[in-house]
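According to TrEMBL, the protein carries these features:
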DOMAIN    8-88  domain 'Aspartate/ornithine carbamoyltransferase carbamoyl-P binding'
DOMAIN    95-245  domain 'Aspartate/ornithine carbamoyltransferase Asp/Orn-binding'
């Protein structure tokens, strides 16, 4: 969350951080009441919680904008940074193929919601039992009828011909007791240069951090294929842009990127 607070300060704002030591959301005071109180004290609420339903209630009851900083179902601000990074690197988004190899988690869910809207083809490889949420999958399938597609397949099949290989942590914070079982279940899902051999010649790698060795080896992680450090930096720029757009009448000073496919750009 450092990028969010630093970004807000750079914009001239004054961030106030409420941790679990400061506020017990929905315990001593209802989530609805907290939303109303914070609306009177702040111009913007950015929240990282477990349940997506908590964010929905905050957004419903608050009179100021509420940003989903992370929930069990989605991680939208991460995906803003990811697609900005890809736009900067490739110069376009429409027509790119992204392969997700790993857990069917909140980051993947946000990829699924945004990829089709930008014309990005998304392939998904998850171990059995770790597929993305069924409701998210149904919504993604509706979106992908017009543009992009969602495909569940094995890691090497997913990676074949892909421009971007993506993974995320397999063991979330607070769920360390799952590590031993997950390492068994995710055997063969580590991204390596061997995975990249079947990808497109221009393939790159993304990971939202923090990263573990079993998810991607050092050879890929620290290679020129890896875009993860620009990706990490872009968390700051994208959240700043989002906050500015929500609380001001700001008009961008630079032209909006044209999300065209390579084929259209060459015409």
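From the backbone N, Cα and C atoms, a Cβ is placed for every residue, glycine too.
Each residue in the domain 'Aspartate/ornithine carbamoyltransferase carbamoyl-P binding' (8-88) gets a DSSP state, and the totals come to 37 helix, 11 strand, 33 coil. Summed and averaged per residue, pLDDT over the domain 'Aspartate/ornithine carbamoyltransferase Asp/Orn-binding' (95-245) gives 92.
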